[in-house]
Amino acid sequence: MTITPQEALQRTIEHREIFHDEMLHLMRLIMRGDMSPVMAAAIITGLRVKKETIGEIAAAATVMREFARRVEVEDNANFVDIVGTGGDGSHTFNISTATMFVAAAAGAKVAKHGNRGVSSKSGSADVLEALGVNIDLQPEQVAASIAETGMGFMFAPNHHPAMRNIAPVRRELGVRTIFNILGPLTNPADAPNQLMGVFHPDLVGIQVRVMQRLGAQHVLVVYGKDGMDEVSLGAATLVGELRDGEVREYEIHPEDFGMQMVSNRTLKVESADESRVMLLEALGNKPGVAREIVTLNAGTALYSADVAGSIADGIQLARDAIASGRAREKVDELVRFTQQFKR
């Protein structure tokens, strides 16, 4: 028996779970535009207030994947998504975007799923455009980019057209809802491996278990205890790791990898252009905090991509990729490849 939106709302008010099949049904109504904006707003707010469960999030992500314009990648060995939920309020340069270039230079295939900045001064789409990358690609062009350069950027609005049905509701509500945590769970290229940064410590255990239910292979969900949705240099980082179907939760520290713990304050930027400059300096092997945090995150991404057997081994590969100039070359490679599709 399907649940009505009114029954679902009542369930959230009573702090009771919406079951898997019911959540699938409700989410399909929202994505098709068959639920009124008032009911959609009430339900997603109700879910937020009662706190979304692992089952509810997994069901919602399943439907969002159903409605996505997919990127078909033939060989998914060492294939990883590097993504953050955003919303951490740290306003740093685009660490995960810089990480993509280093990971690709060290042998991973990266499908980065991202958007323009909402809470940040510069989203991944903004900084890639500032670098000269054409982000407006069709799914088959993204697949070609991954095959040719080892990197593909999927601009979220191009791959999730059904999101336009809920976008006005989200905009008007102006508060975090389940949709803020669905983005990183709905990679249109279905990368089996992932490094995912989250904006709240509670999400570490939740998101890694959602990915477990969604059938992912090797995932590291991270939260820097200084509030960053990245592996942090300024504090310990909480990690939820899914590997071989098993979940482990632990903490890592910069010192574990021979790195100094330093404040992330110097990584703040005010614009996409400032982010571009800092990203290029890090990839250009300029000594400093930016290079170190990119190295740390790239090492973690290479471990999640199974290119490296440990984070420590990944960090060494990342250092080599930056020092050799290969990471910086990857920027020019992606710009050249994507510009041929300029419309």
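Backbone N, Cα and C define each Cβ position, glycine as well.
Here is what Swiss-Prot records for this protein:
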{"type": "BINDING", "residues": "G84, 87-88, T92, 94-97, 112-120, S124", "note": "5-phospho-alpha-D-ribose 1-diphosphate binding site"}
{"type": "BINDING", "residues": "G84, N115", "note": "anthranilate 1 binding site"}
{"type": "BINDING", "residues": "S96, E230", "note": "Mg(2+) 1 binding site"}
{"type": "BINDING", "residues": "R170", "note": "anthranilate 2 binding site"}
{"type": "BINDING", "residues": "D229, E230", "note": "Mg(2+) 2 binding site"}
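Shown on the structure are the features that Swiss-Prot records.
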{"residue": "G84", "record": "5-phospho-alpha-D-ribose 1-diphosphate binding site", "CB count, 10 Å": "26"}
{"residue": "T92", "record": "5-phospho-alpha-D-ribose 1-diphosphate binding site", "CB count, 10 Å": "24"}
{"residue": "S96", "record": "5-phospho-alpha-D-ribose 1-diphosphate binding site", "CB count, 10 Å": "25"}
{"residue": "H113", "record": "5-phospho-alpha-D-ribose 1-diphosphate binding site", "CB count, 10 Å": "27"}
{"residue": "N115", "record": "anthranilate 1 binding site", "CB count, 10 Å": "17"}
{"residue": "R116", "record": "5-phospho-alpha-D-ribose 1-diphosphate binding site", "CB count, 10 Å": "16"}
{"residue": "R170", "record": "anthranilate 2 binding site", "CB count, 10 Å": "18"}
{"residue": "D229", "record": "Mg(2+) 2 binding site", "CB count, 10 Å": "28"}
{"residue": "E230", "record": "Mg(2+) 1 binding site", "CB count, 10 Å": "27"}
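When secondary structure is read from DSSP and collapsed to three states, N115 (anthranilate 1 binding site) falls in the coil class. Taking only the Cα positions, the spacing between G84 (5-phospho-alpha-D-ribose 1-diphosphate binding site) and E230 (Mg(2+) 1 binding site) is 7 angstrom. According to DSSP, T92 (5-phospho-alpha-D-ribose 1-diphosphate binding site) sits within a strand segment.
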